[in-house]
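This report concerns only the one structure given below.
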């Protein structure tokens, strides 16, 4: 392979000159350079400046690099290990294990991280619902197996907690293979997640890839492709249904913005890179389901300053089948998960996909919550006394629905001291239908807070000294 030398180092950007009488490395090729400490660094070609000079982005710290050092072209893009050997392990952007475990053997298959998206005739469309066990998601914004889901929210509203709960529930209940990709997030969260998964026994079915906050922008920009390449292999070669978790897709955009500025490109709206839509499209179009297998992707999307019109979350919206919007005002009310039931959407909330009963219950829940939102202005000015009896009933049921949409998470047990709950879709529909039909009007609203299925509400109310009058609710007490 061709050899060149470093002519300039500016932070993570390294300019390399190759002889003009030889073929230059292609864009996206990986180059190798050994620094004074004997460590091998990987650079990725991003621009051709002319006269044999290529501009590259380093995947690691450029400390110790200097002009004149020899650089070798590997002749191919960055390649990462794929297949069963990746399960239960933690990798960096280059596919090197970072969990302190043994090195992978030389016979482990590797694939390049840059690929074309599947062709149209290879794609498959599925209408099967993926049960998550989280009531608010399963009822109002059901996830499609093989679809793309975005978890939108500002700082500290619970995006990572929901992702961790989804990994737990899906691994325990469905036993599928997961790939978790940590893009530019806190190293502590990745560490906690690793040990939680190890303790719960789901690590053996999960591959983890991290490029966290402390990494150079090149690594944070490419680590999403590393995780995706591992997931694609399970889909295309093993023919499996894979879950791909990305936390956080905004950091992918943010790293792209840093790289763009370092490369000297003119910034676009709000300082983002001019290639924002292209970069997002190249990643998202590869996350899809084919006739061989599926990738169901769940992506956390940080919303800067809670502004949904920011180009980063707005560009991501276009690629998603379902959105779960997390709202700060619900956090302030102590409702967890803080999912906004009126703003969250799903293309699968259709009677032909979820069934007539599920659809009708979901629509009625949304209608009651919408009416409650409209009545809140009157309540805040004139008080509850000015409402009609029907309106008072709507407010009471809406508050019960709002509280019943909350539940305890398994992954939060160590913080709350309360056991988590997994609620099947059938139980979720039954519970909300009973509230809508007025069968639980005599129960106090506090009984609906942070519980699992509707049986838990009835038992909690009894502990509070209230026995339900409805025969169906009474039967639940007798059944215990």
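Don't overthink the numbers, they just go from 1 along the chain as shown.
Glycine is no exception: its Cβ is also placed from the backbone N, Cα and C atoms.
Noted in Swiss-Prot for the protein shown:
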| type | residues | note |
| --- | --- | --- |
| BINDING | 153, 154, 155, 156, 157, 158, 159, 160 | ATP binding site |
Where residue 159 (ATP binding site) sits in the secondary structure, as DSSP reduces it to three classes:
helix
Would you pick out, from the binding-site residues 153, 156, the residue whose Cβ has the largest number of other Cβ atoms within 10 Å?
153
As a test of the contact definition, list every same-chain residue at least 6 positions from residue 159 (ATP binding site) whose Cβ is closer than 8 Å to its Cβ.
151, 152, 153, 247, 248, 300, 301, 302, 326
Within 10 Å of each Cβ, count the other Cβ atoms and name the one among the binding-site residues 154, 158 with the highest count.
158
Within 10 Å of the Cβ of residue 155 (ATP binding site), how many other Cβ atoms can you find? Include all protein chains, please.
11
Give me the count of other Cβ atoms within 10 A of the Cβ belonging to residue 160 (ATP binding site).
23
Around the Cβ of residue 157 (ATP binding site), the count of other Cβ atoms that are within 10 Å:
25
Helix, strand or coil at residue 154 (ATP binding site), per DSSP?
coil
Using the centroid of the Cβ atoms of 153, 154, 155, 156, 157, 158, 159, 160 as reference, list every other same-chain residue with Cβ within 8 Å of it (recorded ATP site), in sequence order.
302, 326
